[in-house]
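**Student:** Supplied in structure tokens, the structure appears directly below.
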């Protein structure tokens, strides 16, 4: 093999190794940051993985919110009107968090079927519904509830 061909082959191999390493790093970073969305029905049916960060969303059941008297721990139930799942959270809930409205919780599913959330997202206003929650409600044959009029 002449020296010019050998040099080209080394350059091509170096480029392939570099591209392979870049793709590998990108896939690794994406895999760590992807949080798949699961409905309460999917979680109750065992479709959601345990001890893996997921997003769980639905409507907060009325009367299900329980606040700890001595800490920031809260517990509530989220439903898609077919099945429900309990979510626990330690922290301050968003100002827009209310029973009967849509939320998305990010956390891990434990062995008891409870989502231990480290982040809770509430809808922006009375008409907004997270797209995943809207789709889940539509798939279950329900429509998003209309907001209660205040005043």
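Glycine is no exception: its Cβ is also placed from the backbone N, Cα and C atoms.
OK, Swiss-Prot features for this one:
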{"type": "TOPO_DOM", "residues": "1-8", "note": "topological domain 'Cytoplasmic'"}
{"type": "TRANSMEM", "residues": "9-29", "note": "transmembrane segment"}
{"type": "TOPO_DOM", "residues": "30-151", "note": "topological domain 'Periplasmic'"}
{"type": "BINDING", "residues": "124, 128", "note": "heme binding site"}
{"type": "REGION", "residues": "131-151", "note": "region 'Disordered'"}
**Student:** Count up the helix, strand and coil residues in the topological domain 'Cytoplasmic' (1-8) according to DSSP, in that order.
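**Tutor:** Breakdown, helix to coil: 6 helix, 0 strand, 2 coil.
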**Student:** Report, as numbers and ranges, which residues of the same chain sit near the topological domain 'Cytoplasmic' (1-8): CB under 8 Å and 6 or more residues beyond its ends.
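**Tutor:** Residues: none.
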**Student:** DSSP says what for the topological domain 'Periplasmic' (30-151): how many helix, strand, coil residues?
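**Tutor:** Final tally across the stretch: 18 helix, 43 strand, 61 coil.
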